[in-house]
């Protein structure tokens, strides 16, 4: 049976709530396809859902390899394991890359909002040297960001639009597969099925 | 400068030691390329290194999707985040699939050793219904495994041979890239470089 709101979202919100005492509960592993055709996998921070949707927000630096990789192949799977409640969410979908050059003013507003929602400390990261290049200097860069200044050009917002969610509870051994389809009027509909763990 | 023993292995052993009070410290996220060409990502359990090598052992069920995926594309990246020491290891390499039909008797012995090293409880998993298929019965299967019996046909050992390791320490912001090359006599040599986080 299809529903219009994502039925896995409440499970995820519950898991976030019951694991909220752990700083790392918002850390997820994001898999992409590397330029060499091999899998690539790293931890990123979940920055919430976009408004009332089930779209997942992730901040990153335009200069990181994942942005390059997502330009070639926009698909990704997040693996999110909650260490206290023993729940795993595998969230598969397409990622929209929103950098400062995006022509869509509405998307640029979402990017700006995510910039101001991040801490001054995490905003500083985007002023650091090019990620992944050989480190030339030992000294930490003494820089500061004007708290009222908008996003720097290195700041990039990733928006993951989930298409399939594989939920596993290791305490109860319950596993559910959530699959989305597009309705005739373009609305996303979700169905779920209990599958063997 | 090249070395013959993997220089990242000691860092990993230290991280395992300093996070050993956490049950989930042996859980890693394994990314593969799905049959549809999209990334696939799930948690698996690190079962140690093969003898004195830097090859990583993972047990799985031959019927899971990852085995099918690895047959098409043997490359994988593990993302391993240690929640107490704030260290991340991204381990990229090729995976050798060792199931019961493997023609190499030495590999079959490694598989058997890994079977007996796993708990009776985890051995039971391989007798369960086909993973990922719709669940037909609510009742838990009442089965048992003879503790002296060798591996069942569903038991499969994955051996990851690392080629590149990207290490990041979030407490010190230190990032190191370890890259392997083959020497002329076929020995694996590792070099490391400090790179920007």
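Here the Cβ of each residue, glycine as well, is placed from N, Cα and C on the backbone.
The following features are taken from TrEMBL:
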type	residues	note
DOMAIN	A:6-98	domain 'Pyridoxamine 5'-phosphate oxidase Alr4036 family FMN-binding'
REGION	A:129-148	region 'Disordered'
Secondary structure composition of the region 'Disordered' (A:129-148) [DSSP: H/G/I, E/B, coil]: 0 helix, 1 strand, 19 coil
For the domain 'Pyridoxamine 5'-phosphate oxidase Alr4036 family FMN-binding' (A:6-98), the mean pLDDT of the predicted model: 97
DSSP residue counts for the domain 'Pyridoxamine 5'-phosphate oxidase Alr4036 family FMN-binding' (A:6-98), split into helix, strand and coil: 24 helix, 41 strand, 28 coil
